[in-house]
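Chemist: A single structure is presented below for examination.
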Amino acid sequence: GDCLPHLKLCKENKDCCSKKCKRRGTNIEKRCR
């Protein structure tokens, strides 16, 4: 699945983010921020 033009795809969880997809602290999985 692709994301809308103004959204970015978080490859780790295939989620569409309005912001960056990045890790939080010691968490391994990336999340929409």
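The backbone N, Cα and C atoms fix where each Cβ goes, glycine too.
According to Swiss-Prot, the feature disulfide bond maps to C3-C17, C10-C21, C16-C32, an assignment based on experimental evidence. According to Swiss-Prot, the site 'Important for stimulation of [3H]ryanodine binding to RYR' annotation covers K8, on the basis of experimental evidence. The site 'Mildly important for stimulation of [3H]ryanodine binding to RYR' annotation in Swiss-Prot covers K19, K20, T26 and rests on experimental evidence. Per Swiss-Prot, the feature site 'Essential for stimulation of [3H]ryanodine binding to RYR1' maps to R31, R33; the stated evidence is similarity to another entry.
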Chemist: Which recorded positions from the set C3, T26, R33 come within 10 angstroms of C16 (disulfide bond), judged by C-alpha positions?
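Modeler: Within 10 Å Cα-Cα: C3.
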Chemist: Using all protein chains in view, find how many other C-beta atoms are within 10 Å of the C-beta of K8 (site 'Important for stimulation of [3H]ryanodine binding to RYR').
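Modeler: That number is 15.
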Chemist: On a C-alpha basis, identify the one among C3, C21, T26 that is nearest to C32 (disulfide bond); the candidates are the recorded positions.
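Modeler: If we rank C3, C21, T26 by Cα distance to C32 (disulfide bond), first place goes to C21.
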Chemist: Please report the Cα separation of C10 (disulfide bond) and C17 (disulfide bond) in Å, rounded to an integer.
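Modeler: If we compare the Cα positions of C10 (disulfide bond) and C17 (disulfide bond), the gap is 7 Å.
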Chemist: Which one of the disulfide-bonded residues (C16, C21) has its C-beta surrounded by the most other C-beta atoms within 10 angstroms?
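Modeler: When each Cβ's neighbours within 10 Å are tallied, C21 leads.
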Chemist: Where the distance is taken from Cα to Cα, which of the recorded positions C3, K8, R33 turns out closest to C21 (disulfide bond)?
Modeler: R33
Chemist: For C3 (disulfide bond), write down the residues of its own chain that are at least 6 apart in sequence and whose Cβ falls under 8 Å from its Cβ; none is a fine answer.
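Modeler: Non-local contacts for C3 (disulfide bond): L9, C16, C17.
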Chemist: What are the sequence-distant neighbours of R33 (site 'Essential for stimulation of [3H]ryanodine binding to RYR1'), meaning same chain, six or more residues apart, C-beta distance under 8 angstroms?
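Modeler: In sequence order, the residues whose Cβ lies under 8 Å from that of R33 (site 'Essential for stimulation of [3H]ryanodine binding to RYR1') (at least 6 apart) are C17, K19, K20, C21, K22, R24.
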Chemist: How far is it from R31 (site 'Essential for stimulation of [3H]ryanodine binding to RYR1') to K8 (site 'Important for stimulation of [3H]ryanodine binding to RYR'), counting Cα to Cα, in Å?
Modeler: 12
Chemist: Hey, how far is K8 (site 'Important for stimulation of [3H]ryanodine binding to RYR') from T26 (site 'Mildly important for stimulation of [3H]ryanodine binding to RYR'), Cα to Cα, in Å?
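Modeler: One finds 23 Å between the Cα atoms of these residues.
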